[in-house]
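First up is the structure itself, then whatever we jot down about it.
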Amino acid sequence: IMVMVTRVILYRCEGIEFDAITPDEKGTTFFFKGPHLWKGYHGSAQPSNEHFKELDDIHNIGHVDAAFRMHNIDNPDKHDHIYFFLDDKVFSYYNHTLEDGYPKQIQDDFPGVPTHLDSAVECPKGECMADSVLFFKGHDVHLYDITTKTVKTKTWSHLPVCTSALRWLEHYYCFHGHNFTRFNPVSGEVNGTYPKDARNYFMGCADFGHGGGYRPRKCSEVKIDAITTDDAGKTYFFAGPIYMRLDTHRDGLHAFPITRAWKEVTNGVDAVFSYTDKIYLIKDDQVYIYKAAAHYTLIEGYPKTVKEELGVEGRVDAAFVCPDDNTVHIIQGQRILYVDLTATPRAVTQNLPLPLDGIDAALCNAKGIDLFKGPQYYHYESPMILAMGRMAPLPENITSTMMGCQD
């Protein structure tokens, strides 16, 4: 007797409703459907048990209901572990290895959380009130506090039933069908036009796409307009109509239209700097100041002219503020101007020569100052060395680890 075994091939670009989505401890995102998964945003389906070997029919785990990556920095034994849920069981993996003692009953690890879940997603303190996990079942959301092991249940009937959920770059996504809806993890509020097709955003599908068609350039072709690190440690670079977060390597580098975060800045930027939980974006003779909370909000009365706000006339090529400093350094051609941000009105306190011309962007951090020009940068140890320098240091090449470009 011949037994024919047919392997079902799944194509996520045809429009799939995922069972679960989670990143692993290295930041690679896995998408699950039945006994299959997709690793990352590109590539084809693979059997789940090639990455998580107990996820197979032999162990009666042919699929998963929900999954999330634990965020619990105070407890290194749990932090960054992946939890899978099936019926009334929970499985904990680290480094793609099932931990001793698992599977357990969900109640043993997460008391008060129901069985047969639809989805789950972690929510760190600062984005939620405390380090938490959101468990979804129907329209009910069970908010589990990791420290107190208590559950608060809310009903978010305005959200679709989330068959999977994902936290990515500090935003929260409910997946349903082949669409997703972005929501606030505290209130469940949905802002913007949703649902959107996941194939345009979370997977590389032909005939789908977003973000202005941005593709990573070769490092030798990079030209940035501005770069800054805010007080929360988020680093952004700007190029043409797009910006990219650089401090999120683990979640992947990704380009977005500038208007996604700073909707009033519609024509790119010339220079950007951060100071006292605010971000200053300069374009032509205008400066826009935004409060740098969870989401950027333009301060009332802005934009203003650069002359009115900073006491500087003429085009700004680059700007930077060093950590714990109150001076913004403004680069204009071969001059560097110092402006005291604590003074009222603000005015130029020093105007010094710069042994370089054509600087595109500048960044100051604990390691020193980097001045960017095309695909290269010049490194100075401190503002004092920059101010005293009569000769430019040797340029260094921008690398893929710095900018997410292709070496």
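Here the Cβ of each residue, glycine as well, is placed from N, Cα and C on the backbone.
As recorded in TrEMBL:
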- H210, H254: heme binding site (BINDING)
- C13-C205: disulfide bond (DISULFID)
- C123-C128: disulfide bond (DISULFID)
- C162-C174: disulfide bond (DISULFID)
- C322-C364: disulfide bond (DISULFID)
- 15-55: repeat 'Hemopexin' (REPEAT)
- 61-113: repeat 'Hemopexin' (REPEAT)
- 159-205: repeat 'Hemopexin' (REPEAT)
- 221-265: repeat 'Hemopexin' (REPEAT)
- 266-313: repeat 'Hemopexin' (REPEAT)
- 356-405: repeat 'Hemopexin' (REPEAT)
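Distance between Cα atoms for C205 (disulfide bond) and H254 (heme binding site): 16 Å, as a whole number. Taking a C-beta cut-off of under 8 Å and a sequence gap of six or more, C128 (disulfide bond) has these contacts in its own chain: L134, L143, P185, V186. Counting Cβ pairs under 8 Å that are 6 or more residues apart, the repeat 'Hemopexin' (356-405) and the repeat 'Hemopexin' (221-265) reach 3 or more and are in contact. Here the Cα atom of H254 (heme binding site) is found 24 Å from that of C162 (disulfide bond). The repeat 'Hemopexin' (15-55) scores a mean pLDDT of 86 in the predicted structure.
Taking residue pairs at least 6 apart in sequence, the repeat 'Hemopexin' (159-205) and the repeat 'Hemopexin' (15-55) share three or more C-beta contacts under 8 angstroms. Less than 8 angstroms from the CB of C322 (disulfide bond) sit C364, N365, I369, P383, each of them six or more residues away in the same chain.
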